[in-house]
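What Swiss-Prot annotates here:
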type	residues	note
DOMAIN	12-144	domain 'ENTH'
REGION	150-266	region 'Disordered'
COMPBIAS	174-189	compositional bias 'Low complexity'
MOD_RES	Ser184	phosphoserine
MOD_RES	Ser185	phosphoserine
DOMAIN	202-221	domain 'UIM'
COMPBIAS	214-229	compositional bias 'Basic and acidic residues'
COMPBIAS	240-260	compositional bias 'Basic and acidic residues'
REGION	281-475	region 'Disordered'
REGION	287-372	region '5 X 3 AA repeats of [DE]-P-W'
COMPBIAS	346-363	compositional bias 'Pro residues'
REGION	495-607	region '3 X 3 AA repeats of N-P-F'
REGION	498-530	region 'Disordered'
REGION	575-608	region 'Disordered'
COMPBIAS	578-588	compositional bias 'Pro residues'
Amino acid sequence: MTTSALRRQVKNIVHNYSEAEIKVREATSNDPWGPPSSLMSEIADLTFNTVAFAEVMGMVWRRLNDSGKNWRHVYKALTLLDYLLKTGSERVAHQCRENLYTIQTLKDFQYIDRDGKDQGVNVREKVKQVMALLKDEERLRQERTHALKTKERMALEGMGIGSGQLGFSRRSRGSPSSYTSASSSPRYASDLEQARPQTSGEEELQLQLALAMSREEAEKGGRSWKGDDFPVANGAEPAGQRRRDREPEREERKEEEKLKTSQSSILDLADVFAPAPALPSTHCSADPWDIPGLRPNTEPSGSSWGPSADPWSPVPSGNALSRSQPWDLLPTLSSSEPWGRTPVLPSGPPITDPWAPSSPTPKLPSTGVDPWGASVETSNTSALGGASPFDPFAKPLESTEPMESRDSAQALPKGKSPSPVELDPFGDSSPSCKQNGVKETEALDLGVLGEALTQQPGKEARPCRTPESFLGPSASSLVNLDSLVKAPLAARTRNPFLTGLSAPSPTNPFGAGEQGRPTLNQMRTGSPALGLPPGGPVGVPLGSMTYSASLPLPLSSVPVGATLPASVSVFPQAGAFAPPPASLPQPLLPTSDPVGPLPPQAGTNPFL
């Protein structure tokens, strides 16, 4: 830092100059170089502020009035004024026109230095330029427009350089070359500072300029894309035409794919509901109620839904042999249709209907036996010639058996089954039937038990066993304990639910040891009666009488004056009653009962 710069900073602090004034003093110093453009740009931005504008212009006029020794102050002040007229606020030109006389006096500025060189000529030439600019308004307007465009261009270039420099420094952070490059280019930093907007007006202007440039770039991009529509010079087909030719082909392909998918979905639905073709394989239908052997070999012509039979209708009988198991599935045609209808076949193995009435079937060695089914009675003679379906839930028919069992079966009422398993809980009781010559009892028949309980006169009674029969003649000398122990008499009760149980004893077993309480007659005979002498009852001494507060006083102990007079009304007056005596005699109770104590009741408690 030079001596002049240090002296200038001290003056700024002593005179308490503002920021705008300090910048003007820095731009118009006595240094042998001109004012920096960045500093002049900041001062020009400050002129848009009213307060800063007054400070800037006041310091400029002070610099213009310096003496010849400080000719650099005057020359730099004129240079700054020229810059403010072109890039600053319009009020700068108005104020300069108002103070035009001060500027004109500088045309005669004279100063010759020690070397004899005229330094005033520079000031005079600069004053002429400023005066010509102030007098020609059209030129001033053109100069302002050109200066603003140049400033905006420099600001954009500075922003681009600054952003590139910042991006490069971010990418190369940590490398020593980044620090050297940043430190070795102070011009980039000054341009960046110059490009930054200092006021709101400049910022708005830069924003509008950026929008215009972006709009122009967008238009250029649209023109470059539109250039594909024009044919090229070598006769090749443009890309836009090829793209338009490919669009209908793509649409046709999409339509064909949609049509194929729709047709395939319709065919899938038709396949689901249509019956599957018959294949000569084992029966593997997924339908649990699918009856085998009823699948047509060929589909009826005309439609996929041919005439079919009701799966719940009775199945016609065939000529082939039948099975005794109702749920056996014969190996027949396979089907993938779970709920399809099955037409009736004219020929084939018959299907056993579990719900149809049964008929006599011939006994065949190859017939399967159902362990859970009822016994089947078959005949040795096949008079009918054809086998009929077997019903496991139907009643068995007559069969060839001995004459005795047949007669016993015919003796039963009509509708009753001789089978011991079949029992009608709601029917009348039927006599038991004989099987193989032996009388068979029913499950719920209690007649046998009744016959065993009731003694028939024709039968010999079973002898009852006694101790004599078991011990012999020596049993007569034994003591019979049953005769010694007497059972307590049962109290007669009307409770029907206590029959057969030991009746409760009428006496309290827990009060056997207590003495009986005196009866009312005993208490009456023991208490003194009316009209007895005050000495006490006859035969009872006075010394044996005790006082009891719970018993009333005897009438003989009440004085004669204590009786109520006849003149006392419902509401007695004061003094109607005699005052109570001072001492009342004690009531007398007999200490010993004149009647002897009652004998204790004989308790019948078996636990005492």
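Numbering starts at 1 and runs along the chain as displayed.
Just so you know, glycine gets a Cβ as well, placed from its N, Cα and C.
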Near the domain 'UIM' (202-221) in space but 6 or more residues beyond its ends, with Cβ under 8 Å, are 45, 148, 152, 155-156
Could you give me the DSSP helix, strand and coil counts for the domain 'UIM' (202-221)?
20 helix, 0 strand, 0 coil
Under the DSSP assignment, what numbers of helix, strand and coil residues are found in the domain 'ENTH' (12-144)?
99 helix, 2 strand, 32 coil
